[in-house]
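The annotation repeat 'PPR 1' is assigned in Swiss-Prot to 171-205. The repeat 'PPR 2' feature in Swiss-Prot is assigned to 206-240. As annotated by Swiss-Prot, repeat 'PPR 3' applies to 241-275. According to Swiss-Prot, the feature repeat 'PPR 4' maps to 277-307. Taken from Swiss-Prot, the feature repeat 'PPR 5' applies to 312-346. For 347-377, the entry in Swiss-Prot reads repeat 'PPR 6'. Residues or ranges marked as repeat 'PPR 7' by Swiss-Prot: 382-416. Under the heading transit peptide, Swiss-Prot lists 1-18, citing sequence analysis as support.
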């Protein structure tokens, strides 16, 4: 099949459904304190040189259970973003302590880190295993390829694919992993060409490659191409799966085609083999919510609850968010309690979703309660949660409470604090408290210099600062602000326009302004030309 003829013309969900890799390998690698490998030999040598060994003392460490070993290993690896260090250092330390590190433990940790959007650390686990000559199955290679695409880019993923042994390369899951990379990176032409190659190899025999393409087109804002792909699937005798139905429904939502949506629901009801999942009804609820059809959304959420595994964390997260979207506060709390009962060890992500739901509902008391509960239990401080609390308090005009959150966070974590400071500065500038905003600006610059805190200037914050300078006719302040901005990126046309407007408002001239614009290669717009007539005559 020629994919180029398949379509004649003309989210988060897209990324979620661009998954192409499957179950872990059956081969199990073990690294422990034994002389069976170079890595293990180094461990033995290190243990022999210890004081206890030199004194002839043989120490005995009780072997941890499989479950406790897995928990401890994942805990240490998941905290690396807070504690610093590398995956290799952590794993080597485990071995030095006499703890066996098994491939299935490592694989489970990598999968979990990947799931929670920590691809760099997940890839480092694979890299560590590869350097120790652990056996990789085809599906291991597929997951590794996916992680390389996420951490090192598409070219590196292609190189990894091309350099694989034929036995690992010429497999449906490996080709599918590269297909996923193309779709995630929105490389339409490469994705179509790769689809054709997979088709020639008889690898397009299920819904997965089609789902990847559909997800890509949704993210390319081309939802009209999704039904065409569904028809092509059916012509091949490939039945839509639950993921297919979800993306297809999402395309109808994007096109405001509620009639088409109802037809899909009817088809799903008649399709005895339709493997609808909780995801299917989650997307249906989201579409109805967007259309303002809250009763239908509520009905879809009830169907979602019937389909979901009561122990599934993700489904609870979606339920809380979607119930908040239709202003069903009591339902949000009910699902939250259900999650805590099913999964007593509530992680940061679950608290994050709950805080987002509280924020969406404008439930300030709920924000305070949930945030306080999280702070008392968390073992890895996550500024994303603090930022939600800060933003919600500011929306409620509770600046002092928001600032207390930042003060507490600075005592308990190393940041980054840039997002929190931006939220506070925007609020202060909007309420004519520029002096306090400037103090936060100075602190933000200091944080960035001392801790290399990444700083992404929002256009809203930049414009608010310049509006303040223009109103105050503060040319010196505007110039100093430009110097600060230039430390992160070259000044652009919009920024220079703000600066020149400040000069004009202050009725001051800048004889070298035209030269500055030329040196910085700023395109002179008509607006700038008019301003220069008075600022740089």
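First residue shown is number 1, and so on along the chain.
Even glycines carry a Cβ here, placed using N, Cα and C.
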Quiz item: Taking a Cβ cut-off under 8 Å, which residues six or more beyond the ends of the repeat 'PPR 5' (312-346) line up next to it in the same chain?
Solution: 278, 282, 285-286, 289, 294, 297-298, 301, 304-305, 353-354, 356-358, 360-361, 363, 366, 377
Quiz item: Which residues of the same chain, at least 6 past either end of the repeat 'PPR 7' (382-416), have a Cβ under 8 Å from a Cβ in it?
Solution: 82, 348, 351-352, 355-356, 358-359, 362, 364, 367-368, 371, 374-375, 423-424, 427-428, 447, 451, 453-454
Exercise. Mind checking which residues of the chain, 6+ beyond the ends of the repeat 'PPR 3' (241-275), have their Cβ under 8 Å from one of its Cβ atoms?
Key: 13-14, 17, 206-207, 210-211, 214-215, 218, 221, 223-224, 226-227, 230, 233, 282-284, 286-287, 290-291
Quiz item: Across the repeat 'PPR 1' (171-205), what is the average pLDDT of the model, as a whole number?
Solution: 96
